[in-house]
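Everything on this sheet refers to the single structure shown next.
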Amino acid sequence: MSAQSAFHASAGDLNAQSLRADARRESLRLLALLSPSLFLVFAIIIVPIGWLFWLSLFDEAGFLSTANYARFFEQASYIKTFVTTFKVAFIVTGACVLLGYPLAYMLSQLPRRAASICLIFVILPFWTSVLVRTYAWLVILQRKGLINSWLIDLGVISQPLSLANNLSGVVIGMTHILLPFLVLPLYASMKTIDGDCLRAGMNLGAGPVATFRQIFFPLSLPGLASGVVIVFVLCLGFFVTPALMGGGKVIMWAMRMEQTTSLYSNWGAGAALGVVLLVVTLALLGLFQWLLGARATGVWSSR
Amino acid sequence: MNMTRNVSVVAVAALMASLAAPAVAGDTITVASWGGTYQEAQTKAFFKPTADALGITIKEDTTNGLDDVRLQVSGNAVKWDITELGADECARGSKEGLFEKLDYGIIDKSGINPKLVHDDWVGISYTSVVLIYRTDVFGDKGPKTWADFWNVEKFPGRRALSGSQATETLSVAALAEGIPIDKVYPVDIDGALKSVDKIRGHVDAWWTSGAQAMQLVKDGEVDMASIWNGRAGTLKKEGAPVSFSFDQGVLTADCMVIPKGAKNKEAAMKALAMFVSPQLQANLPLYVDNGPVNEKAFETGKIPPERIKDINSAPENVKKQVLQDAEFWRDTLVEATEKFNNLVQQ
């Protein structure tokens, strides 16, 4: 009896050992397969970012210094630019959610054929250059542009609205360009929501609003979260639209980088701007992950 | 079959041509400039005649300015033998030691303003910052001086100034304060900033590129603006209802340099000598509104007399304008630009 169990135990041990060895071999093989891409990531992402960070620590004369970072506090315009960048990013992300959520919801509810036709209209602007679309908005929004001349001709307004060359122009232009980045992941996640869950909810006596609020919306949150993160991060680094639509009054971080790089004769000045944006963005991503991740998976599903 | 043979004949011919060309025609140099219509004009005025006369090949490239030179020189990968820059960039690059010394035994500097002749850089052409206004808004009674531009009661309307070229905006701000054109330099930066402070609430756009300045005026987004004379001239030629003059203009020079470590320094020196010679300088205003840097160009007889009055660097027009002092901005640019940004973005 005891001999038998010992035999069983040692056989089990043996089995476990060989399984472990197998698993180790397997993971080594996977690592070997992965190594080219890992090397690529290291060479084209990790090394340059490290270099950027390194460069930002040197002043004009080539000595280690914090001058490039101290500048942000000495010159008021950097903090102003920083605040503007985040203000624009929040407004644009908010506008994208307000416009994109209903759109994605509608697309997910349409029959397949109609949905794919509508999706083409979402994707089509993607294929047009950002520059062209921004100039198009300029034509529409400026003082003597389409909207103002229509409104004046219709007698709705007597003075042209200032829609271009200010914050509203930047927000309108950027929202248009970034909307697909929110709609596409959101639509994809909405499509995976099981219709039976909704039907079950209705069956148990929930009205349409309650079903949406308690079942559909929570299930769509992971898609919304990824869309929001993509749009927000793209906003932070946006250049073309604010440069053309902002009338020089809405200076965002990327524009500042370009300016600073050509103004100072050391790369550190521009590099420091890059490092600050990277660190703040990563910190915010961490925050998003913590907030939205918990929300989308933990809090809501335990209800 | 026939087709294949033709292709191979062409290929062989092309190969031979590419092998033979440098040997026959001598050196090849690469010149970088700003691109666009300006560089097209330079090709016709400077590069082609020089290549023909010296029997060299001139390849062209475009530059974004001093950053590019800095990158090439510090990275030990100098692609260009000659590159164009703004004069203040030349002054700064010279301080950083980015350029080769020029040989004024080969380059004849007579006729060029001494302020634009330096050990390692030389002027090549002029741009003016001018005041432009729309005649459909003001008729011919528009703002003529920068003091008028600053006078928002007498000249109501939307305004644009340069936001990217702080040096130019500070110069016109000094003029707006009533400082005479020969007293603008050295610019009293704090005084000029105070002047900018007075107008900034009335500025509807701070432009960051020549194309943007042009678009703002052309589409009637603004009624008056500071603008580069080349862009202003183009607007007028296109029939836009605008008026401008060289009165109180700010003359800014462009310059050319040989980046440190350029591969064909000697050929580049000879080519540069040709570019600044009166004969080729006189070609430039035939194709573009940027004036020649060598005043002897006006004595060659190549430029039609009726054209001379429209050229910013014609002796008559130079008298009405302020010449940007590149060396002044070399030492003050960073501080002035930061202060300007702080003010404008308040």
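Quick reminder: no glycine exception, Cβ is built from N, Cα and C everywhere.
Bear in mind that the values here come from a model prediction, so they are computed numbers and not experimental data.
TrEMBL annotations:
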type     : residues  : note
DOMAIN   : A:82-288  : domain 'ABC transmembrane type-1'
TRANSMEM : A:30-54   : transmembrane segment
TRANSMEM : A:88-107  : transmembrane segment
TRANSMEM : A:114-140 : transmembrane segment
TRANSMEM : A:167-188 : transmembrane segment
TRANSMEM : A:223-246 : transmembrane segment
TRANSMEM : A:267-292 : transmembrane segment
Checklist entry - Counting Cβ pairs under 8 Å that are 6 or more apart in sequence, does the total for the transmembrane segment (A:30-54) and the transmembrane segment (A:223-246) reach three or more? => result no
Checklist entry - Are the transmembrane segment (A:267-292) and the transmembrane segment (A:114-140) close enough that 3 or more Cβ pairs fall under 8 Å, when only pairs 6 or more apart in sequence count? => result no
Checklist outcome for this item: Comparing A:88-107, A:223-246, A:267-292 for Cβ pairs under 8 Å with the transmembrane segment (A:167-188), the winner is A:223-246
Checklist entry - Same-chain Cβ contacts of the transmembrane segment (A:223-246) under 8 Å, 6 or more residues past its ends? => result 85-86, 88-90, 92-93, 96-97, 100-101, 104, 130-131, 134-135, 137-138, 141, 164-167, 169-170, 172-174, 177-178, 181-190, 252-255, 258, 277, 281, 284-285, 288, 292-293, 295-296
Item to check | Within-chain partners of the transmembrane segment (A:88-107) [C-beta distance under 8 Å, separation at least 6 from its ends] | outcome: 115, 118-119, 122, 167, 170-171, 174-175, 178-179, 181-183, 186-187, 190, 220, 223-224, 227-228, 231-232, 235-236, 238, 242, 250, 252
